[in-house]
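Visitor: Shown below is the structure under consideration.
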Amino acid sequence: MESQQLSQHSPISHGSACASVTSKEVHTNQDPLDVSASKTEECEKASTKANSQQTTTPASSAVPENPHHASPQTAQSHSPQNGPYPQQCMMTQNQANPSGWSFYGHPSMIPYTPYQMSPMYFPPGPQSQFPQYPSSVGTPLSTPSPESGNTFTDSSSADSDMTSTKKYVRPPPMLTSPNDFPNWVKTYIKFLQNSNLGGIIPTVNGKPVRQITDDELTFLYNTFQIFAPSQFLPTWVKDILSVDYTDIMKILSKSIEKMQSDTQEANDIVTLANLQYNGSTPADAFETKVTNIIDRLNNNGIHINNKVACQLIMRGLSGEYKFLRYTRHRHLNMTVAELFLDIHAIYEEQQGSRNSKPNYRRNPSDEKNDSRSYTNTTKPKVIARNPQKTNNSKSKTARAHNVSTSNNSPSTDNDSISKSTTEPIQLNNKHDLHLGQKLTESTVNHTNHSDDELPGHLLLDSGASRTLIRSAHHIHSASSNPDINVVDAQKRNIPINAIGDLQFHFQDNTKTSIKVLHTPNIAYDLLSLNELAAVDITACFTKNVLERSDGTVLAPIVKYGDFYWVSKKYLLPSNISVPTINNVHTSESTRKYPYPFIHRMLAHANAQTIRYSLKNNTITYFNESDVDWSSAIDYQCPDCLIGKSTKHRHIKGSRLKYQNSYEPFQYLHTDIFGPVHNLPKSAPSYFISFTDETTKFRWVYPLHDRREDSILDVFTTILAFIKNQFQASVLVIQMDRGSEYTNRTLHKFLEKNGITPCYTTTADSRAHGVAERLNRTLLDDCRTQLQCSGLPNHLWFSAIEFSTIVRNSLASPKSKKSARQHAGLAGLDISTLLPFGQPVIVNDHNPNSKIHPRGIPGYALHPSRNSYGYIIYLPSLKKTVDTTNYVILQGKESRLDQFNYDALTFDEDLNRLTASYHSFIASNEIQESNDLNIESDHDFQSDIELHPEQPRNVLSKAVSPTDSTPPSTHTEDSKRVSKTNIRAPREVDPNISESNILPSKKRSSTPQISNIESTGSGGMHKLNVPLLAPMSQSNTHESSHASKSKDFRHSDSYSENETNHTNVPISSTGGTNNKTVPQISDQETEKRIIHRSPSIDASPPENNSSHNIVPIKTPTTVSEQNTEESIIADLPLPDLPPESPTEFPDPFKELPPINSHQTNSSLGGIGDSNAYTTINSKKRSLEDNETEIKVSRDTWNTKNMRSLEPPRSKKRIHLIAAVKAVKSIKPIRTTLRYDEAITYNKDIKEKEKYIEAYHKEVNQLLKMNTWDTDKYYDRKEIDPKRVINSMFIFNKKRDGTHKARFVARGDIQHPDTYDTGMQSNTVHHYALMTSLSLALDNNYYITQLDISSAYLYADIKEELYIRPPPHLGMNDKLIRLKKSHYGLKQSGANWYETIKSYLIKQCGMEEVRGWSCVFKNSQVTICLFVDDMILFSKDLNANKKIITTLKKQYDTKIINLGESDNEIQYDILGLEIKYQRGKYMKLGMENSLTEKIPKLNVPLNPKGRKLSAPGQPGLYIDQDELEIDEDEYKEKVHEMQKLIGLASYVGYKFRFDLLYYINTLAQHILFPSRQVLDMTYELIQFMWDTRDKQLIWHKNKPTEPDNKLVAISDASYGNQPYYKSQIGNIFLLNGKVIGGKSTKASLTCTSTTEAEIHAVSEAIPLLNNLSHLVQELNKKPIIKGLLTDSRSTISIIKSTNEEKFRNRFFGTKAMRLRDEVSGNNLYVYYIETKKNIADVMTKPLPIKTFKLLTNKWIH
């Protein structure tokens, strides 16, 4: 194509003219300016080709052809642009000194302003061109530029006007970051070289080849400014330009120096990592090379220590030097100089005897590894193409998708980068097997794949989950299995033909089989390491063998290339052919339907639904196996994508993980909603919400505007609230970038308070999901509440407030707790809540006239935030009020009735829930509400901080009876009177709990009467009567007299005039009489009830005599009364407030019944129906109605409640839930092995202490003549049954000393080597506590001894052998034991018999019958626990005499003689005891818990609020199935073992108040759900908070003539499915708690009485045994007592009637109890439930009750 002449461009403002350019023609279909990424390589090739063909032409003869124009252009036309770069950035052909460069002609024309401030240069436009100069011969880079090969016609061409240059030059990229500057400089230098300016670039010495001209300096300056913006330059570059902004050359020089320095460091590191030395070069030269590299790196700031340097050097040693790896591998502190001394020694020895073998000892494994056999005679080249990491025990293997099937032969160009620490077997070609074997030995006669990298071998793959093979000749029991889907790493399907077994016959003559899949679509046969591990085979890449767990070598591993291989010669061939398998697969697959076809046929349902339907036969004709599911995973249906398109969902877990580390109320989310339009000015238009990240507790505040001051006021309020109420400080607040949050006022406020604002990205609402979702939820609730209630829209924020209160109290499905529970607050008291918009009548305390109505209709909105009242909207006044003076308007149609739920109303429900809050409050008539619970196991059971401490201002007002009143409550003769709404107390009415919210519409007024077997522990019938049983009309009059009889003590002292009652009309049970009942206050009621004693054997009311209530039988003699008072006098029972006896008025006996069905309300769902109901007595109007509160879930009518579900009883789990594939859990190991304590212990000081303990143990074993040192036995000569493995274990004792113990592996000891009938006994903890208690009461001295190496004093009868200690180095020898070595099954029993015999024969002691390891004589008592002895004696010399006798035979050490009269501290079997003789004894574990609990990795909260109780009542353990993987399950079970193990140890030692929680959680160790773990953490947190608590004993009164042994019993009745009752007992000796027990009942109890009988039956045997022990140790008379709060149990024990024993289990137990009580002089007495300290053993209690029952004996 001919050249075309282009016109000059229009001049620029400086009047420069455009120079004419020349070039060879450019192909028309290629744009020379196109430098996009897709054409970069093509442009470079074209540039190189053009340069090679370039010739010089006259300036006037040729111009470059522009492919975008077909004809010559006018002067105004411009050259085309390419992407973001203007045309001047693309270097075109130019003259050496162009005439059009007058603007850049002289440096003086460059603006001299600071570069970083305002360069003010004139960037060249399309009219100006950059100069291009011939490249010089030298370049600053180590390698020439790929485009620097430009040549010129001759040297004289430089003098001509035109210069031969490149046709076009690609510009450098724009600099976008200071960190990218080093890489950008490289591209910029390349750009200069391609622009023929290579000569001006500084060389290695910092000087350019030639001087730069002014035009070149201008070009350099402008291009640098264009492509390197000042804001992206590094600091050091800006510093240079600040001095001289044109000094670009200095920047280039500095950059080249940095690149050279970095290159040198990289080269040194690579050289050091790839050191190779075999003695071929002098050792001096090798040492000099290595030390120079290390010194150079250290000087450059890269520190190489001796350990790393030695490892790198030893890794490169080969030949005769290779053994240095093994001889010095244990020397941890070896230096480089020491290593080179060994290298020099070997090198000199080689030089001295070059042709002889070296005389130093070589490692046998080295000789084996160095022997090679090559099939060719040429010298092989060892190539390690895949570098292995140092000290990596598991070598890298390849995945199937990484293996290429082409060009698999090793390349000679690959560099040897590094080798593993133990050099693996490497093959250099297919014939080099490296094991001395021929090729024919490792190949298989069957089909081989000739293109394999290593034929006849299987590739070991650690990433493959299945084994795959291409040949069918090794597949056994093959069958088609189309359901298996196999994908590679790119998620591509691998078709599977068949599945079968792959059988190995290893070199130890064992056969092993694994599953294998057949497919021809893989490059190599893959052997999965995971499937090998499943059959107990592991790959050891340090030895390069396959081995079993016991160390048996099965086959060698070959390393070839990058991968590891195993020979196929170990595979057993089969008779199956490839066509057989392929035909089977083909015949199966031909009948399959493609999944897209089925998907379309079944209405585009998803694959999971279709597959599940086919599996369950909901679709017939074809089965699941008839569908080809291979494409179901990746199949994307275009129609589904269009038709089912949805918005992007919120990303789960998108919040940053560090937020989880914040404590409660430290990280808040906030957002503002609004505005809401068309509202009155008084109504808020916005609200601002806050959510705590940890607890998810929410706050909302109304706003009228979004001004800075308004937002600041809210922030000030909530920060102060959190600080004062929760003692927390807010650290971070996350919010969006709205102006209300980004203003300067709020920013300064947050900065002043030390709060970090965390802003989300603009317009990214998903990043603010917590606050956004809360606003959406609250608005949904708001719309629903307004729609349901029909209230006006301006009350919208009240609906938001109501929703917030409720939402904070609802449990989250994820955390299983509510926000209030997370925040440590009590649950929401539903009795204080009304439906939103409930019609009420509000009392007008200030009417306009005395004759005006006092009631104003209103609608309840939400509980008040600032008082105990309610926020109520008054439409007539158009305002809201905060008041407690309201009553629910019944029978009034509300908005709820518009839905016509079969005309259902909720009046009775509201009465029952809010009976005590419906009333008007008259002036000065406010009374405190105190719920009572008399003679019940259920004291305060539901009072879980639900009641505030302040009194409630509540009274009731009369309303008209509703249509829902049961007709059975009226007869034709009855009068139309109003009824009193008596609210059922929370403590006894389970139907007010979460398990039953709403009652049945139909009610029955007939009381339910049951037999005595189903009564509560207080002896009351299950009539659920508050105080007394209901009486028939016939004996009503007689009951009046009974109320004034001896049923109530001191009845005459309390007159009716002192009560100030308000008479309330009530209806009798029969509905025929209406009587007036004086209204009684709560305190007065309690005073009257407390002394009332109903009869234990009382029959049902219809069979009663005239006196309906009969007191319990009292002692008939003064001595028995004294015994009862004596037993109870010294017990640490809680102090109750003094109460005055009270007489009940006659009409009060006719209160209607309250039907109570007790539910479980404990940690694990344990409940207790052993409770009386109580009455909340309030002042009421004379016109109040009486409404029976009786709820039965069985009578729920679903037709009457279409929109509300019936209440469901929540299931509680008290059984261990099934977990799939659960294997046995190994016990937790608390000791260290030899390698952990010594070999690899990095703590030098601790290691030295363990070494010292090791030698001490060995010396002690030799001293004690533990084994026969005269003869060592060969292992092969001894029966394996009699050989016991041995090991060293190390641990750190409580006193800080380090201990080593050489033990035998008794856990694998054969049963024939010991007598299974022998037992190892230790002192029972009850015996120790009894001895300590008697020691305190009798001023005994307590001496603590320790016998060193106790077991070694006992001889062994059996013939047993063990392995010698490792330091002897006799691995193949055995030694015969002579002593009872530690760890043997019989050692404990042998020692017990030895020390028992010595104490009896030599010390004159005798063992207490029934109490092993408790010895006594006339002066001394000894408690023996293995090698620990505790001596008790009134005379210290008696203890010293025993010590002297013991030292004659045993190495006895006195730990504490106990001779001081001041306080003495002991550490006895883990108990930290403080004992001052004759005064007190304190038992605790503060120091031990302070040390151990932090090591449990429990998230303790030392700075937060301390827990006041170990658990919360009302929490239930969910029964949902636990689905977690095996590793996580084992990890959590091990964690539970540690936590519950420590808690059990502490609980059974002295913290008996924790036993219930420990026992409940111990039942769930194998069910470690999140909820169980949280409860366990809470228990450990409570132990941490109360670690300083102690069991306090005080000396008994010296005047007491008898020892008093008492058992206090209690039980909680488990009346739910999957649940049993809980029983508990506490034992006291002379008023001191010595033991406790809490456990699940072994038998299913059908009533509370049975549970109580079970508890008593468990206590009596231990009580009798303790009685015998006390009598043996102290000769005083003993009084035995048993206390229970179940009157029915006492009645059964004392009664002679046997007719009511209906089942054989508890009937037998009851009869046995009668015999034991009568035959053992056991006193059984009743104790009030409020004083029953055993209550803590059977149920979780509220904080107040828990403290009341425990603060007397543990504090």
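Numbering starts at 1 and runs along the chain as it is shown here.
Cβ atoms here come from the backbone N, Cα and C positions, even for glycine.
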Visitor: Need one residue: from E1578, E1650, E1652, the one Swiss-Prot lists with D1610, D1685 for Mg(2+) 3.
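Guide: Among E1578, E1650, E1652, only E1652 appears alongside D1610, D1685 as Mg(2+) 3-binding in Swiss-Prot.
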Visitor: Do you know which of D1346, D1355, D1372, D1467 Swiss-Prot groups with D1427, D1428 in the Mg(2+) 2 site?
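Guide: Swiss-Prot names D1346 for this Mg(2+) 2 site.
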Visitor: Which stretch does Swiss-Prot mark as region 'Disordered', out of 432-451, 1092-1111, 1292-1311?
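Guide: Swiss-Prot lists region 'Disordered' for residues 1092-1111.
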Visitor: Which stretch, out of 583-640, 873-930, 1221-1278, is listed as region 'Integrase-type zinc finger-like' by Swiss-Prot?
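Guide: In Swiss-Prot, residues 583-640 carry the label region 'Integrase-type zinc finger-like'.
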Visitor: Per DSSP, how many helix, strand and coil residues does the domain 'Reverse transcriptase Ty1/copia-type' (1338-1476) have?
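Guide: The breakdown for the domain 'Reverse transcriptase Ty1/copia-type' (1338-1476) reads 34 helix, 49 strand, 56 coil.
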Visitor: Taking just the CA atoms, what is the gap between D736 (Mg(2+) 1 binding site) and D461 (active site, for protease activity) in Å?
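Guide: About 50 Å separates the two Cα atoms.
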Visitor: For the region 'RNA-binding' (299-401), what is the mean per-residue pLDDT, to the nearest integer?
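Guide: Mean pLDDT for the region 'RNA-binding' (299-401): 58.
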Visitor: Per residue, counting other C-beta atoms within 10 angstroms of the C-beta, which of the recorded positions D461, D736 reaches the highest number?
Guide: D461
Visitor: Please report the Cα separation of D461 (active site, for protease activity) and D671 (Mg(2+) 1 binding site) in Å, rounded to an integer.
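Guide: Taking the Cα atoms only, D461 (active site, for protease activity) lies 53 Å from D671 (Mg(2+) 1 binding site).
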Visitor: Using DSSP, how many residues in the domain 'RNase H Ty1/copia-type' (1610-1752) fall into helix, strand and coil?
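Guide: Counting residues by DSSP class gives 66 helix, 32 strand, 45 coil.
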Visitor: Show which residues of the chain containing D671 (Mg(2+) 1 binding site), separated from it by at least 6 in sequence, have their CB under 8 Å from its CB.
Guide: I688, S689, M735, D736, H768, A771, E772, L774, N775
Visitor: DSSP secondary structure for D461 (active site, for protease activity), reduced to helix/strand/coil, please.
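Guide: Note: D461 (active site, for protease activity) is in a strand by DSSP.
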